Structures are given as structure tokens and as C-alpha cells.
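Reviewing the structure listed below.
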Amino acid sequence: MTGFIGKRALASGISLIGLVILVFFLSRLTGDPTNLYLPLDASIEAREQFRQLHGFNDPLIVQFGRYVMDLAQGDFGESLQQARPAMEVVLQAFGWTLRLALITMTCVTVAAIVIGSLAAFKVGGIFDRIATFFSLVGASAPDFWLAIVAIVIFAVNLHWLPTSGTGTPWHWVLPVAVLFVRPFGLILQVVRGSMITTLSSAYVKTARAKGVRTRSIIFVHGLRNAMLPVITVIGDQAAAILNGAVVIETIFGFPGIGKLMIDSILLRDFSVVLASIMISAVAIFIMNLLIDIAYAMLDPRIRY
Amino acid sequence: MTDTRIQSDPKPRGPFTTWLSMLWADKLAFFAALFLLVALLCAIFGPWLMGDLATKQNLRGRNAPPFDLARGWLMILGADALGRPLLPRIVVAAQNTLMVAGAAVLCSAVVGCGLGLIAGYSRKRAAQWIMRLGDVIMSFPSLLLAVIVLYMLEPSVANIVLVLAITRIPVYLRTTRAEVLEVRERMFVQAARVMGASDRRIIFRHILPVVLPTLLTIATLDFAFVMLAESSLSFLGIGIQPPEITWGLMVAQGREYLTTAWWLSFWPGLAIIGTTLSLNLLSNWMRIALDPAQRWRLEMRGRKND
């Protein structure tokens, strides 16, 4: 197991290094942040001083060398926008996104598994058809459109829910509900497909013939064995939210990592961009590791 | 004596009719195909037929509400902030929306499939490199890549297609490779090799036809995904730029008028859902129709089982 984790960490580490190098140079090519941060009428000396202070005058390769040296000492640079250490800014935003992802994915997983299993139990029945249709619609709906429709209905017309911020639990309802829809549709389809295959296998038929109760056939015999493909999709969807639900976070003014990433790219806050890429990469790595461990726990035949 | 002969069809049917009747057997897929056909026709002929109507401003009809026939049938879906009727705008926007997604899917499918065939067939150093390349692309947050590249290179149609195509290559690469690894061990491939067929002949005449149906199904599904991605980019303002229009951009433009004119964002969003839903339904149907082991489900449907 440790050998497996080590190999994975090495592979991820190498691609992360490549990624950081690529983004470092690509983002520098988008232009000089000086004009964005100083007022239009700032004197040439002030501009020069700003560039000097943040080291934008040196050749790119020197800037990169300095960045790597700082990184080796655990310094991720400073956010131009907030004048705080970049890592602090990123971790704070990541905390918000992590909570958002956890809440959403918990709801999605429970709902999709219960409804998907019940749909698979009677294929072609009325419940199955309704569930399948709604999962397809859910998987097809663009999240930004759902967000807008939800805002119009629940915030503008009914005045039930607030549209942006994170102050009270009520603020979380709309973002979670909108983020819920697509993963729910996708995971429900996988649960249903996988359950249909499992429920037609010999040991389920045996259990049925022995007179085991329906509920325990579905949730004990069926579900555990149908979970492997489901876990992969859950992981993918969770990773997508962790990677920044950019659009949703932007619409609802949610201070998560997706919004931070896009803001810092637009404002050329390079250290924050790089720090948030590293944090997402680490999060995705841990996520994939957890999925592999879950695999091994569910299916004793899997060894690493 | 009972008649045990299998009743055969009175006349042999051509391949086109066969496919059509298989499509008809799955009603949802049939209507999905119909919807996509209409969308496609809009994309091809829309700008030519309605191009002028879609850009004609009419300040007296600003944010005109939908379902008001007094202004003529073109205004049935309402009008936008400059009084341009929404129906023709949606029809015209179909072209950009479908073209960007179609081009991106085509590029990524061709490149991904080509690389996947090499990676699956050769098993050499090159294969390792190709797979690592796929992993790197996969580990990159694709929207972030899109943002950086589009911010740097000016958001033009070609660049958007390029970015979307690159991020989707791994999907085809991995699927093709996995299929090739399995197919290359089958008997007919071995036989072809023993008979002295060249590598190129084996790949294109024996392996590719087996892999192609799977790829077609995935490409259909992916078309929906790419369309949503393009819409998100346009929505964030780094996709297609005005005065060009796509459905995603129309949703974004309507956002400002959310409190007063919901229809500005609603209809284009509905067009996106309709198209992606149809693609999903059609892809489900294709998965069955292109699989010889499952095709009977569609061929038997509607006929009595006696």
C-alpha cells in the first residue's frame, strides 16, 4: 500500500511541477499587473517602484528562480490584491469550497444511491421511468442557467432565500441546490446501471430464493457490489466542485477557490493563481487516494 | 400441425429503413433525433434566413414580454434589451453554439483516437509518453486552462475550439486505447497478422471498425459536455464575444435584467437543455443500437412475442 501511494505521489508531483512551470510562464504572458494596481495617473517613478518591489523588472527566468527558492522555504509569495501571504488567502477560500463540496456531495450521494437503487429494482416501472427522465434532464442542465432560474424564482419573486454571501445557513441553500442537480443526474444513472447488472447476478437470485427481505437484498446484497463504478463518478464530480465551481461561486458571490482563481487571473495576482493550483492539485490527489482506498475496502479482491 | 416457421418480413428492408424503425422503437430517442435535426437546420439555414431579423433593433419593443402575439409571431418569445426579437436570435445563435462544439469534438476525437490507436497497438516507449500526456491534461483544471489561454490569446472562435479540444483529448485517448488493447488479442486480428497483413491494414481494416461505435457514442455524449463548457466560458465573458452570439452568451446577457425580464435568459437556456438532453437520449439509444448483442431490444420492440 505505501509503495502504491508513493508511486502515485511521485507521478502527481511530477505533473504538478510541470503545471506550475507552465502556469508561471503563461500567466506572466498575460501582461504586467502594474497598470491594474496603480491609479491611471500614477507617476513613472511610482510604477517603477511597484515593479521593483514585486520584482517584475527582472527577466522571467530570474523571477522563476526566485519563486522556486521562496517555495523551497515554504513561502508561496504575497497576494498583490490583498497584501497577505498567498497561501493564507487560498486556504481560506479553499475552506469554503471544501465545505460546499462536502455538503453537496453528501446530499447527492445519499439521494442518488437511494433513488437509483429503487429505480433499478423494478426496471421499466413507473418510478424507474420518472427517475431516469429526471436524471437525464438534470445531467443536461447548464448550472449557470439553473442558478439564474433559481434566483428568479426563490429570491426575486418569492423572497424566500438570499442570493449571495455565506452569512446564515439560508445562504447555502441555493448554491448547494444548484450544484446538486448535475452530479445527481450523472450519479443516479451510474447507480441504476450498476445495480441492474448486480441485481441480475446469481447470488442475488439465491438470496431472493431464500426469501431474504427486499430491502436487505437491495441495500446489502446489491448495493455493496454495485458501488465500485459509482465511487469513481462520485470522485470525479467531487473533484469538479473542489476544482472550483467557478460559475456557481461567481453567480452567488461565494468566496470559494473557484471565484478566487478567476479573480486572481483577471487581476494578475500570480502568486495566488499558483498557490490555488497547488492546493487543488493536492486536494485532487488526496481525493483519488481516498477513492482507491474505498475500492480496496469494498472489494477485497483489489490489492495495491 | 402447428406452423413453426419463422415469419419473415414480406420484403427486405434497406439499411436506412432499418435504422429508422429502430429509432422509432425508442420514442424518446426518436424525438431527440428530431429535435437535433431541427437545431441543425437552424444552424445551417438560420443566419441566412433570419440574420437580419435577429439584429434589427426596435427600441419600442425593449424587453417585450413573451407570448404577446400583438407584435407578430417573431416576438412570441419576447425581445431583448435592444428590442431584438428572441426567437430569431436563438435560431441564429444555434450556428455558433453547434459549430464550436462540433469542431471541438471532431478535433479531439480524431487526435485522441489516433493517439489511442498508437498507444494501444504499439506498446513501445511512445505509448508510455502518450498516456502520460493524457494524465497531465487530465490533472489540469480544464476551465482554468481555458481561462488562462483565452485571456492570453484573445477569445476567438478558433482559440475556444482549440482549448476545448485539448481538454477533451484524454477521453478518446483512454477509451480507444482500452478498446484496442482488448481487440488486438482477438482471434480475427491474430488471423490477419498470421496472414501477413501490414500494421496499417490491421489497424484501419480490423481494429478501427470495432472501436468506432463506442467512440461514436462517447462523441455524442461529449458533444453535450463541450456545449455546456462553451456556454460556461461564454457566460463568464471569456468565450465567444459580442456581436457574435451563442446560447451561453445570451444567458449571460440576460443576467442583468433578471429581475425585470426573466425570458432573456430563460429561452436560450432551454435551448441548451433541449440539445444536451437530446444528445444524451440519442447516445443512450446508440449504445444499444450499435451493440450487436443488444440490438434485438430495438428490433423486437412493438412486435408481439408469440
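From the backbone N, Cα and C atoms, a Cβ is placed for every residue, glycine too.
Any TrEMBL annotation is an automated prediction that lacks curation.
Here's what TrEMBL has on this protein:
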{"type": "DOMAIN", "residues": "A:94-291", "note": "domain 'ABC transmembrane type-1'"}
{"type": "TRANSMEM", "residues": "A:9-29", "note": "transmembrane segment"}
{"type": "TRANSMEM", "residues": "A:100-121", "note": "transmembrane segment"}
{"type": "TRANSMEM", "residues": "A:133-160", "note": "transmembrane segment"}
{"type": "TRANSMEM", "residues": "A:172-191", "note": "transmembrane segment"}
{"type": "TRANSMEM", "residues": "A:240-258", "note": "transmembrane segment"}
{"type": "TRANSMEM", "residues": "A:270-298", "note": "transmembrane segment"}
Long-range neighbours of the transmembrane segment (A:100-121), counting only residues six or more past its ends (CB under 8 A): 127-128, 131-132, 172, 175-176, 179-180, 183-184, 187-193, 195-196, 199, 214, 218-219, 222-223, 226, 230, 234, 237-238, 241-242, 245, 254, 256
Top partner of the transmembrane segment (A:270-298) among A:9-29, A:172-191, A:240-258 - counted as Cβ pairs under 8 Å: A:9-29
Result, the transmembrane segment (A:133-160) in contact with the transmembrane segment (A:240-258) (3+ CB pairs under 8 Å): yes
Surrounding residues of the transmembrane segment (A:9-29) on its own chain - C-beta under 8 Å, 6+ positions past either end: 60, 63-64, 67, 265, 268, 270, 273-274, 277-278, 281, 285
